[in-house]
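A short worksheet on the structure shown next.
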Amino acid sequence: MSTDQIEMRNTRGLSLPPEQTTVDNFEDSLSVNAVPNAAVVHETAVPDGSYGWIAVFGCAVITWWFVGTTYSWGVIQTALVEEGVSGASTLSFVGSLTVSCIAILAVANARIVSGIGAQKLAFLGVTLLGGGEILAAFVVDNVGALFATVGVVMGVGTSMCFMTVSIIPAQYFQRKRGLANGIVFAAGGLGGAAISLAIERLLDVLGPAWALRIVGILTLGSGLPAAWLIRERAPAKRTTFVDWRLFTSLKFDLLFLSGVIATFPLFVPPFFLPLYCQSIQLKPSVGAAMVAIFNFSGALGRIGFGLLCDFFGPLNILFITLLLTGVSMLVLWPFSNTLVPLAIFAIWNGIASGGFFAVMPTVVGSVFGSHKMPIAMGMIVTGWAGGYLMGGPIAGYMLGRYGGVEGGIMAFRPAMYYAGSMSLGAASLVAWMRFRIDATVLRKL
């Protein structure tokens, strides 16, 4: 058995056969070691390459667009605030609704992918993602219509794309699973960097409507061929929406709750960096550049932390990403009142928070195995709904409550402290889970 898989055994040191598993010892049956024979064969026969690299490329292109566009919303949001479409807290709700669909629809998408397959789900996701952007271009001055097009249509497409790219690498990679996931999600960081700069330029030259329209057309033009490249090595079996027995495992509960808390602060920096730059008298182009730096750093974090998972264990690395995210928002951002420290914060926070998205699927795959990946990942991601939906708006409400953009750096600090504290809270839960499995500090888990 590979050392990057986490073994969970009962107190007597014996792994019970699957047919003897009960609710009381269900937690001990969650390791790959204790799955049915067919699943063991499926897990041990993972090729660690072959067509998997082509599938990873297809997933990476799709991730470029669905992560890149959601992380670039802050640039469009700033332009719409300046045009008087609505306030920052309301418009951040639009962007939050897009990403919250990943969580709200996670369990449903896990069921859908087992019925129609990952390739068809990817086709649907890309079509809705690009189509939503094109539709939004016609209603860019109506905040209610933006909720429907950007929030719902793009959100549903984003959720389908996320489910696809989360489960495919685990089918082709075992020893290199962290690296494969890192490459896939790093593409999202690179996409965010490129798209945010492109949108800033398009906004200056053509305005918000054409910026959305062009990005939507490019999404369809490259995303649909990428979806065709996705092939499942072993189609997922039809299964229930939720395996409630997972909640009888404290390890699953801790991982679930850590994700619930961790997602509240993740989108605060990319959504509010452009407004923050405006509040400290920097040019709008600097705000877009900060988002680009954040996203590019996120790409480095996704690859780097994904690779580190293969060497030091995904649970250890997940704790480090959350710890670094929290420290950056509590120690560095509140005192970044000039360009250089702000750029350092964007790099630091981007690397750390970017790692979260690459590491979490690796943790789930390592703990539960690729055979349980869709349902376990779907359940865990569903818990992210509150953070995705309310994380940005809570920060926007705090900003407005303490003086708004005109209030300068002091008006942003409550939101910074809220976001940083949430990250540290999530890190503490991961630490609890990790040391409950094994108290040895240097153990690869």
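Using the three backbone atoms N, Cα and C, a Cβ is placed for every residue, glycine included.
Copied over from TrEMBL, here are the features:
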| type | residues | note |
| --- | --- | --- |
| DOMAIN | 251-445 | domain 'Major facilitator superfamily (MFS) profile' |
| TRANSMEM | 50-67 | transmembrane segment |
| TRANSMEM | 87-109 | transmembrane segment |
| TRANSMEM | 121-140 | transmembrane segment |
| TRANSMEM | 146-167 | transmembrane segment |
| TRANSMEM | 179-199 | transmembrane segment |
| TRANSMEM | 211-231 | transmembrane segment |
| TRANSMEM | 252-273 | transmembrane segment |
| TRANSMEM | 285-305 | transmembrane segment |
| TRANSMEM | 317-336 | transmembrane segment |
| TRANSMEM | 342-368 | transmembrane segment |
| TRANSMEM | 375-395 | transmembrane segment |
| TRANSMEM | 415-435 | transmembrane segment |
Return yes if the transmembrane segment (50-67) and the transmembrane segment (415-435) have at least 3 CB pairs under 8 Å (sequence gap of 6 or more), otherwise no.
no
Cβ-based contact of the transmembrane segment (211-231) with the transmembrane segment (121-140), 3 or more pairs under 8 Å
yes
Are the transmembrane segment (285-305) and the transmembrane segment (415-435) near each other by the rule of at least 3 C-beta pairs under 8 angstroms (pairs 6 or more apart)?
no
Counting only residues 6+ away from its ends, which parts of the chain sit with a Cβ under 8 Å from the transmembrane segment (179-199)?
52, 56, 59-61, 63-69, 71-72, 74-76, 165, 169, 172-173, 211, 215, 270, 288-289, 291-307, 309-310, 350, 354, 357-359, 361-362
Distant-in-sequence neighbours of the transmembrane segment (87-109), which means Cβ under 8 A and at least six residues beyond its ends:
70, 73-74, 77, 80-81, 121, 143, 146-147, 150-152, 154-156, 158-160, 162-163, 241-242, 263, 267, 271-272, 275, 375, 377-393, 395-397, 399-400, 404-405
In this predicted model, the domain 'Major facilitator superfamily (MFS) profile' (251-445) has a mean pLDDT of 88
